[in-house]
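Colleague: These came from TrEMBL, pasted as-is:
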- 1-60: region 'Disordered' (REGION)
- 195-214: transmembrane segment (TRANSMEM)
- 220-239: transmembrane segment (TRANSMEM)
- 260-280: transmembrane segment (TRANSMEM)
- 286-306: transmembrane segment (TRANSMEM)
- 378-397: transmembrane segment (TRANSMEM)
- 409-428: transmembrane segment (TRANSMEM)
- 477-500: transmembrane segment (TRANSMEM)
- 512-534: transmembrane segment (TRANSMEM)
Amino acid sequence: MRSSSPKFHRLVQHRELEEGDENGRPPQLISLARVDLDDGGTPSASFPPQSEPVGLHSTSKQIECDSGRELLDPKEAISCSETQVAASDGESRGRKYPGVVVSWMGQRVSWIVMLNRELNVSFVFGIMVIYGFGQGVGGALNKVVVDYYWKDVQLAQPSSVQLYRGMTTIPWEVKPLWGLMTDILPIGGYYRRPYFVITGLLSAVATLVLVMGGQLWVPFAVGMLMVLAACAAMSDATIDAEVATKSREKPSLAADVQSLCAISLSVGSLLGYSVSGLAVDKLGSQGALGLMLIPAVLLLVLGFVLHEERVVQKWHNTQLSKQLWIVTEELWITLKHPKVWRPTLYMYLALAVSPDISEGKFFWYTDVQSGPGFAKEFVGAIYATGSVGTLLAVYIYHKRLKKVSFRKLLFWIQFLVAVFGMLDFILVTRLNRQLGIPDHYFVIGDEGLTQAINRLKWMPLLILAAKLCPPGIEGTFFSLLMSVDNVGMMTSTWTGALLLKLTNVTRTDFQYLWLAVVIRNVLRLVPICLVFLLPDTDPDEDILEPRQREEAIQLVETQVQKENGLASSV
């Protein structure tokens with residue numbers, strides 16, 4: 001409502017967005033609703049009053065919504081960050097034509113500030129450490145540097161490296177165990193902080209052994225890499241428990257939390273991949289592993305700064321056994337719901353049926369006879385491009401796709417996964433050269449598109465998993481769902497090793513690598529037939545009915561009351 005009479009006024013964001021044009025310009029806020037105030041200062045509309053007085057005529061408050069999420073109700077505009085701007089006729093001139101870069105950066109900063117305010121600064125820092133440095137930088141170094149370690153130091157075959165990769169993911173398969181520990185076994189009165197300290201110390205020790213141990217016995221080298229994986233899995237389970245708790249406490253921010261995780265992971269991966277190839281070139285395949293000390297040190301820091309209330313509780317064996325039984329019972333009851341086990345089954349099958357042949361591609365990338373013979377620095381740049389693709393995917397999902405139903409979105413995304421997978425076929429058969437596209441340009445585009453689509457595929461599934469976690473065992477249940485994902489990846493890795501073996505792909509022979517690519521892409525069509533397992537609902541809606549969601553908790557509470565009554569009678 002607009003009034004021509006000179007009154008006090010304030011501006012409240014109106015949910016009216018320009019849809020964006022065909023050139024990919026993001027939606028922009030194009031109108032603000034002004035709520036006039038009467039002489040007594042009472043709003044003429046039913047919006048909450050401002051916490052600060054409003055200026056007369058020449059001053060207005062522009063409530064600028066954080067970029068992290070869209071407002072579903074005008075009342076939510078009050079929680080957005082406020083920016084004071086000058087205007088001569090009651091109209092804001094500073095925001096009308098903002099610089100694109102400045103505006104974008106301002107939105108990102110505003111979003112981070114909002115998350116810090118709503119979720120706690122140490123929690124946001126923890127996500128950046130675990131996802132940005134632990135899984136982002138550390139994961140990138142583990143991918144590139146460890147691949148060169150197996151190739152140059154251990155002189156392994158592609159199929160063998162694929163097998164070793166699968167073995168080092170085993171600690172991720174038992175991720176529910178780490179989640180269970182963080183839920184029911186406090187150390188010194190804390191459930192989260194000590195586990196970050198422990199994982200930081202163990203990561204540092206394992207890294208030093210790999211760097212200074214020379215050409216280790218292969219099983220021992222695999223063991224050290226498994227220690228690093230176990231530390232990553234435990235720290236991930238610990239922060240996941242916090243993520244699930246925040247998502248349950250503030251469901252409207254669930255997508256924002258997952259976006260922060262994904263952005264941190266993508267930025268960290270981009271940084272890690274950007275320096276990994278250069279590090280291998282300058283420090284060697286073994287010396288470059290020393291960079292993995294950086295995430296280890298940050299884990300130690302996080303263990304000391306994370307905000308957590310100390311719990312004064314003495315544990316006995318009987319109490320621990322009772323708690324284990326309660327958690328197991330609650331897990332089982334929750335998993336029996338079709339709306340839980342059906343998407344869980346899809347998460348596993350969508351990965352397991354598609355063989356991972358990435359090690360065969362890596363050896364082909366670096367071969368100067370049969371392959372393009374990419375330099376170490378460029379191999380890191382290839383994967384860095386994939387990180388840029390994941391960042392773009394997070395932005396697209398957050399702005400355009402987060403309201404699309406799980407079933408519809410994953411149907412089309414899986415179709416694109418299969419279609420764009422054929423880019424690898426064009427690359428390994430050198431058809432791109434016949435089209436006049438150099439290998440360097442083609443592989444950059446291939447990796448960027450592939451990783452973007454993969455990220456679009458898993459963003460909705462991560463949100464789905466977070467929404468299914470019952471209170472009290474968030475870490476355990478979320479870890480259980482994510483371990484299904486990890487088992488699927490391990491299955492994919494080992495079937496990929498078998499496929500490389502059957503197609504006779506070795507360190508120097510890549511004659512049938514194209515056949516492995518074709519078989520993989522055909523199998524990628526299978527998950528399209530399985531999307532019926534997913535809920536056909538809006539991601540903002542509750543997946544389970546409140547009655548279903550609380551059934552497990554009520555049953556457990558009843559059992560606890562019975563046991564307490566029995567104990568008191570004794």
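Quick reminder: no glycine exception, Cβ is built from N, Cα and C everywhere.
Are these features on the surface or tucked inside, and what are their neighbours?
Modeller: Here the transmembrane segment (220-239) has long-range neighbours at 126-127, 130-131, 134-135, 138-139, 142, 146, 154, 164, 167-172, 174-176, 178-179, 181-182, 192, 195-196, 198-200, 202-203, 205-207, 209-210, 213, 292, 296, 299, 475, 478-479, 482, meaning same-chain residues at least 6 beyond its ends whose C-beta is under 8 angstroms from one of its own.
Long-range contacts of the transmembrane segment (286-306) within the same chain: residues 122-123, 125-126, 129-130, 133-134, 137-138, 141-142, 145-146, 148-149, 153, 192-197, 199-201, 203-204, 207-208, 210-211, 214, 228, 231, 235, 275-276, 279-280, each at least 6 residues beyond the stretch ends and with a Cβ under 8 Å from a Cβ of the stretch.
Under 8 Å from some Cβ of the transmembrane segment (378-397) lie the Cβ atoms of residues 136, 140, 143-144, 259, 262-263, 265-267, 269-270, 273-278, 280, 362, 365-366, 440, 443-444, 447-456, 459-460, all in the same chain and six or more residues away from its ends.
Nonlocal intrachain contacts for the transmembrane segment (409-428), taken as residues 6+ away from its ends with a CB within less than 8 angstroms of a stretch CB, comprise 346, 350, 361, 364, 401, 435, 439, 442-443, 445-446, 449-450, 453-454, 456-457, 460-461, 510, 513-514, 517-518, 520-522, 524-525, 527-528, 531, 534.
A Cβ distance under 8 Å defines the sequence-distant neighbours of the transmembrane segment (512-534), meaning residues of its chain 6+ beyond its ends; these are 342-343, 345-346, 349-350, 353-355, 357, 360-361, 364, 406-407, 410-411, 414-415, 417-418, 421-422, 424-425, 428-429, 464, 496, 499-500, 503-505.
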